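What Swiss-Prot says about this one:
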{"type": "BINDING", "residues": "Cys1088, His1090, Cys1107, Cys1112", "note": "Zn(2+) 4 binding site"}
{"type": "COMPBIAS", "residues": "45-60", "note": "compositional bias 'Low complexity'"}
{"type": "COMPBIAS", "residues": "427-444", "note": "compositional bias 'Low complexity'"}
{"type": "REGION", "residues": "41-60", "note": "region 'Disordered'"}
{"type": "REGION", "residues": "413-455", "note": "region 'Disordered'"}
{"type": "REGION", "residues": "601-669", "note": "region 'Disordered'"}
{"type": "REPEAT", "residues": "324-364", "note": "repeat 'WD 5'"}
{"type": "ZN_FING", "residues": "973-1016", "note": "zinc finger"}
Amino acid sequence: MSQSSTRKRLIQWSPHNKSSFIVGSNDLRLYNFKFKDKNEKKNENNINNSNQYNQNNQQQQQQQIQQQQQQQQQQQQQQQQQQQQQQQQQQQQHDIYSPKSITSKYMETYNFDIEYPPDDWVPQEKKTISLMSVNSDVQLMKCMAWCPDESDTNLIACGLTSGRAILTSFSSVNRILKELVPKHTRSCNAISWNPIYTNQLAVGLDKVRGDSSTLIWDINYLQSTTLNNHLHKNNNNYISKLQQQQNNIDQPYIISQISDNSFSTSTDYTDTIYQPISEFTQSEATLALAWLPNNPSCLLVGTGSKWLKLYDIRDVNSSQSVMAHQKSVNGVCVDPFDFNRIATMSEDSHIKVWDLRNLDDPLIIVNSNCKSIQQIDWCPTRSGVLASVGKDKSSIKLWDIKAPIEFSKSPKLESTTLSTGGGGSGSNTSNNLNKRSTSNNNNSQDPINTISKPTKIHHSSDVVSSFSWHPTNECRMLTVSYSGVIDVVSLNENIPISWSPHGGICFSFGNNVLEGPTKGETLEPNILNYKNLINDGRYEKDISSKIKERAIFGYSANVEENINLANKINDENINFLWKWIQKVPIQIQNFKRESSLISTPSISTTTPGGPITPSATTKTIINNNNNNNNNKNINNNINNINNNNNNNNNNNNNNNNNNNNNNNNNNNNNEYNGIYNILIEKDISTVESSNGFVIYKSPNRNLCLSICGWGFNQSLPLENILSRLEKSGEYERAAAIAVFHLDIKRAILVVTNATYNIHPVTQTNHHGHLMRQDREFSLKLLSIALAGFDGSSTSNNNNNNNNNNNNIWKETCKSTAKSFINPYLKTCLEFLASNSDSKDIYSIIEDSRINLDDKIAFSCKYLDYQDLIHFVERNTIRVIECGNLKGVLLTGLTGRGVDLLSNYIDRTCDIQTAVLAISLVVPKFFRDKRVSKWSSIYSDLLDQWELWHERAILDIQTRISGIDQPPTPQIFAKCGFCQNSFAFESISASSIVGRNASSKPNFKAKVPFCPHCKQSLPRCCLCLLPLNCMVPTPEFKKSNTTIGSGGGSIASSGGINNSGSINNPNDSQLWSNGSEPFEDWFTWCQTCRHGGHSQHILDWFKDHSICPVTSCDCRCSQL
């Protein structure tokens, strides 16, 4: 018992019968696997009971008949009377004890009507295994293979430890049909049937001196097919008893529970074959075999000396070999879905997948994470799925080499050698192969894909000895342990889920594809019940659903419509973007118009924003002149940071530098510039001192303030903005903006109004009440601090007592600001308590969490030029890295704006907003390859959703915003002599016709010759008049040129320059001037080269189909 428990057991499904399998070790056993439900078993038991009851009744009936016969002998005198009584009694007994009456009596209680199961119904089907037959003639077996021939479904080949290969069957009288005997006794390691030529059997043996280890046998299968007709007729009772030994395998099936009552009838003569038809692999052990289904003459051999060899049995001298592993090749198998893909294993932990078309390197290396692999096998029903089990392991691992998993690139684990030569492996061959291995190892350094994580792992209760895939069921596998436990394993693969572009969901299970509902309403609770919660626990809609809804609503490149859709878009950042796009072009245009009307003075004591108050101290600073050296360094640092940032964001774009240069060149024309580009331009700043704070003013700063919403003037006073913020409930921001403009009285009024307006709060819960109290307390505290502010606190002319009081007030404000939660209130007190120095204010605004537009406007007002550029630069880089749409305030729709949108797409996947926004400037002002890719992706997305109208609007708007470029001509008419074009814009000034010019000013003239070489043009084949060419006249030259002071000819739109060629060939007026009526166009056949005027040719072919040229049979109109 102990020996059998440690001996390796083999298991294999039948390729012919889906419910049969064999288990081999010391004997060979045939099993039947099926599903059986509880009702069926119960009915069979009842039927068996009724049959047994019928048999008992029949025996009783026979005993009664014998007693009646004895009574007839004793009562001979009354035979007639007794016979009559006997007949009556037999008739009564027959009516009572007949099988029909017994069956009907006991079977009428069983109801086989179909009943609907209840809601809590659980299926009662059970998996059962039946032992069908035992063949004890096969002993000491090491390998086995089921014959693939359909004509004999029970023929099995077994390899023994003695080296013999025997053919056995469960349906023949002689259990051992044939024996294949090698010359030398040695262990049989592998056996494999040819899948096409089923009479050929390959056997792999251990090595022996002077003999081959790979033998190809011809079993003469045609003579053995008659053995199927000799059935074993005397073992029916035995088989019927074995069929009753059924065990439920919800727990693993144990072989030791089966009785060892086996039989052997090998008394008949057995055919023996001693001569194989082919022999390979000398002086090497053959450990693995596999035939190629697509080429039945080729055999894969895994040897004990690290080699994987491919033989053609038709030519023993031709072979191809590769050093597959560092140790012996213990297993090889061919993928049933791709015959060029094979897998090999060794004594180490690696499985290698090869392509037979290129055996230089393996395709994939699978790291099984075990010391040694015992068995591998491809799944016959799922492509690319490979199963493996380690030695002395209780787990089976599945590897899906086609699954979308992450492959890790790793260097080669070993040298791979490829050789082509004879089948032997002598010393010369080994030396050559070693040389080839060294050279290949030096030249080949490419990494190989490695898989180390299995897609699924099945853990068994015992160490697995062998496993076998089911031939048709993709989820079923059989395993057998060393102790004889058979387990039916269900390996359900992971369910893949896929979203459709229309929002539906689809998933698959096995061969079935299930699609969820795509229509219907989603049931949601009342949103009002959760309005007071910060997070109501519901996920937001997928970004694809949002993009589709916005496209249907009319979200496009139309700025006005997008602003009207603000409520439907319901995104603060997106709404900010489109409002900025709406107002920035108007503000920049107004700024340029005002700048062109006002001449720039050398020194000015006024600012573009208005006159300075008499009490203010004013000083004029000309930026980029007095501080030229410092500003140069700042600009150089900015350019270096820009280049580094662009290179990081555009690693795959080879034209980044060109794009950036084009972007810089078009900044002046781009109406969507950001604050960053505005501030780095040359500017004249004036300094004003007010309430102890230094205020910087300049035209560029005023433009930035206007873009940020701080451009207050007579038409838009500060009071209007503060009133609007108060109505919207933004009291903290309103008070802060009033403080930043040093209007302390108005800030105190805002705080006073806030304490009255936030008191009647509608929130009735406890949390809302506490928030209201905290807000009210913070505002009252701010009003107290504002009341103590003295505008002269920062002046240097104050006495010591005032300075001491102001210092105490400042320290108190700084400590109070730390307790504020609202960033605006905190920044207010820190600003008032500062020393009015640019560096001090820089540190305050840098750490502030107020809105970006207010932060930039505040810095433009109180920071000097160097601190301002540095601050804007740092914030520009920050918003680009975060992909914050509000950062377009700094970057604008420029090259850096594309970088910002790229990070925005990576963060939110909202490619729709990026495409629509950037389409306003690309390719109108500059080009970027990323924008082209985004547009293509968004267009494909609209096509998938079948939003054809929205796609058409996108194409139209994109084309309108782009540069008008006429399509390149596809057909050129040129002279047959000089090969120059007849195009109107290509004609030089020397070809202008002047001798036949009329007094009436014309811009074009017809000439019957080439304007370049003066050769005659061909004639029309119908009217026989020469074809004409359009050339410009002298009047055209005079009307399209302007004489400069130097006497040179300066060409205007559509004119002729000094070099003699016409300028601006894209001008529409020029094309209309140079065009010729369609009836005079050149028209010719591409086959016979005959032609003429277009109108003449059209008129001819209305009634004819053959060329008008005599002796030409070309059917020009039918081409």
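Here the Cβ of each residue, glycine as well, is placed from N, Cα and C on the backbone.
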Fewest Cβ neighbours within 10 Å, where candidates are the binding-site residues Cys1107, Cys1112:
Cys1112
Could you pull out which residues elsewhere in the chain have a CB under 8 Å from any CB of the repeat 'WD 5' (324-364), counting only those six or more residues past its ends?
285, 287-295, 300-308, 310, 370-373, 375-378, 380, 383-384, 386, 388, 390, 399, 401, 407, 412-414, 416, 418, 440, 444, 446, 448-451
Reduce the DSSP letter at Cys1112 (Zn(2+) 4 binding site) to three states and note it down.
coil
Can you tell me how the residues of the repeat 'WD 5' (324-364) break down into helix, strand and coil by DSSP?
0 helix, 24 strand, 17 coil
Output field, Zn(2+) 4 shell: CB within 8 Å of site CB centroid, site Cys1088, His1090, Cys1107, Cys1112 dropped:
Cys1021, Cys1085, Thr1087, Arg1089, Pro1108, Val1109, Cys1114, Cys1116
Overall pLDDT for the zinc finger (973-1016), taken as the rounded mean:
64
